[in-house]
Amino acid sequence: MVSAVVNTIRNVVGIIGNIISLFLFLSPVPTFVEIVKKGTVEQYSAAPYLATLLNCMVWVLYGLPMVHPHSILVITINGSGTAIEVVYIILFVLHSDKKKRIKVMLVVLVEVIFVALVALLVLTLLHSTKQRSMAVGIICILFNIMMYASPLSVMKLVITTKSVEYMPFFLSLMSLANGIAWTTYAFLPFDQFIAIPNGLGTLLGVAQVILYACYYKSTKRQMAARQGKGQVDLSAVVVSESDSGDSKKIGTAVADGG
């Protein structure tokens with residue numbers, strides 16, 4: 001009876017985790033809409049999408065019945081993530097220059113070969129799900145920690161600039177919720193390979209939300225100061241031009257821009 005209740009709770013938490021993770025996977029959509037409209041990737045990097053693709057493929061391998069039984073929810077979200085990242089990478093390649101296109105395609109090839117080799121070695125050399133879970137799980141932990149550690153550079157920027165302008169609150173909040181959901185899932189029953197990276201992800205998510213709370217007001221002050229400075233500069237332009245009789249025209253342009 002107890003095990004049935006725990007299993008039901010685990011499935012519910014896993015479904016919630018799937019939904020949150022799906023939102024995170026879809027968060028770059030506006031970026032790619034902009035890329036498609038402009039017809040170029042400009043200075044955008046493919047690194048986040050390549051890293052996420054590799055991470056998802058490894059977790060799909062971990063969730064296979066012959067590796068870690070009863071992990072269908074791990075397969076569903078990471079299978080979806082793999083498909084989404086493939087679409088992102090195809091769009092990136094189509095809108096890149098030749099040099100960048102070749103580089104991205106080579107990285108994807110290396111990633112596919114790596115996952116295929118891991119799958120081949122694990123399924124042929126290890127003969128129990130416990131051994132296979134251990135081997136693939138360790139790899140998953142390493143990749144997941146790297147994924148969750150990626151916001152550290154943004155957090156450093158926030159502390160340096162005392163501004164959260166480049167750390168969207170919604171994304172930070174969803175990352176925290178994702179970490180909490182999958183950490184909870186990992187304890188029903190306990191799975192250290194899911195618990196360790198997502199536990200660290202939860203702590204990083206908490207840190208991001210705290211930073212946002214600490215620097216939200218200073219960010220508003222900085223943005224207001226920039227806007228105020230812009231208005232002063234425009235006013236100065238209007239005053240300087242008034243002697244030549246063009247002030248009315250410039251004043252109208254400023255009003256339209258507001």
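Quick reminder: no glycine exception, Cβ is built from N, Cα and C everywhere.
Just so it is clear, the model here is predicted, and its values are computed rather than measured.
According to TrEMBL, the protein has these features:
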- 12-33: transmembrane segment (TRANSMEM)
- 45-64: transmembrane segment (TRANSMEM)
- 70-94: transmembrane segment (TRANSMEM)
- 106-128: transmembrane segment (TRANSMEM)
- 134-154: transmembrane segment (TRANSMEM)
- 166-188: transmembrane segment (TRANSMEM)
- 194-216: transmembrane segment (TRANSMEM)
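Contact between the transmembrane segment (106-128) and the transmembrane segment (45-64) is supported by 3 or more Cβ pairs under 8 Å, counting only residues 6 or more apart in sequence.
Take the transmembrane segment (166-188) and the stretches 12-33, 70-94, 134-154: counting Cβ pairs under 8 Å, 12-33 has the most. Nonlocal intrachain contacts for the transmembrane segment (134-154), taken as residues 6+ away from its ends with a CB within less than 8 angstroms of a stretch CB, comprise 48, 51-52, 54-55, 58-59, 61-62, 67-68, 118, 122, 126, 166-167, 172, 175, 179, 192-193, 196-198, 200-201, 204, 208.
Counting same-chain residues at least six beyond the ends of the transmembrane segment (70-94), those with a Cβ under 8 angstroms from any Cβ of the stretch are 11, 14-15, 17-18, 21-22, 25-26, 28, 32, 35-36, 41, 44, 46, 49-50, 52-53, 55-57, 59-60, 62-64, 101, 104-105, 108, 185, 194.
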